[in-house]
């Protein structure tokens, strides 16, 4: 038996961390949306093995326990299926180390796929709790829609469909380490975002209000490490994007446009400035 799961990337429309938890992890308040740039994860039941095999068409990615998809399968084996063998094949489309949740999306796809394959009847909330033990972005990726994300990443509050808009994605060649950025956080000096305003703009389907309210608390920290992020933001705005910001801990930047023609112009203009540029739409898995 085999199941193929779509694993959409995510972007952060708003990202704030108001304080650090007692265990050292950041407390998050974020608005995230899934986009139609996606990996595809094939999950096969394997009677000839008792472990987990991971294959990917991106040769530089780990295919062992360092891979989040592997970790998701291992966790599901431990909880529900003992030594039942699993083969996982990942078709990568999401840029790696980009702040777009590619590894977490693959892990979430494995959770959803094995839930179906093994007829576990887990709810998305139950899968999200399992996902939190793997990575803080996995719970959102289980849902893969537009949502308010709070706590350590495990509290998902769906916000409905994002109002019609187009998204231009641009990834610099260089990458940044998420742990490095998180270690730089000084909560006494951190600027905070009006996440509630972003939530209201989505609920009221007011894109102009959204464009003004967006923000990412980690952006300045990443720009200090990689100034190219600021240059890409400036280019996006100069080419016509109505809002632009970094997603996650970076370094990928996205721009929002309310019209396809405007987004196409931004996309075409950026193609001469960045190697990895994508024109996408918001999506919901359901």
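Quick reminder: no glycine exception, Cβ is built from N, Cα and C everywhere.
Per TrEMBL, these features apply:
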{"type": "ACT_SITE", "residues": "10", "note": "active site"}
{"type": "ACT_SITE", "residues": "137", "note": "active site"}
{"type": "BINDING", "residues": "95, 96, 97, 98, 99, 100, 101, 102, 103, 104, 105", "note": "ATP binding site"}
{"type": "DOMAIN", "residues": "67-144", "note": "domain 'GHMP kinase N-terminal'"}
{"type": "DOMAIN", "residues": "199-274", "note": "domain 'GHMP kinase C-terminal'"}
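What surrounds the ATP site, by Cβ distance within 8 Å of the Cβ centroid and not counting 95, 96, 97, 98, 99, 100, 101, 102, 103, 104, 105, is the set 9, 94, 248 from the same chain.
When the binding-site residues 95, 99, 101, 103 are compared by the number of other CB atoms within 10 angstroms of each CB, 95 has the fewest. Each residue contributes its Cα atom, and for residue 99 (ATP binding site) and residue 10 (active site) those atoms are 8 Å apart. Counting every protein chain shown, 28 other Cβ atoms lie within 10 Å of the Cβ of residue 10 (active site). Other Cβ atoms within 10 Å of the Cβ of residue 97 (ATP binding site) number 17 in total over all chains. Cα distances from residue 137 (active site) to the recorded positions 10, 101, 103 are smallest for 101. Broken down by DSSP into helix, strand and coil, the domain 'GHMP kinase N-terminal' (67-144) contains 45 helix, 7 strand, 26 coil.
If you take the Cα of residue 105 (ATP binding site) and the Cα of residue 10 (active site), they are about 8 angstrom apart, rounded to a whole number. Cβ neighbour count for residue 137 (active site) (all protein chains, 10 Å cutoff from its Cβ): 29.
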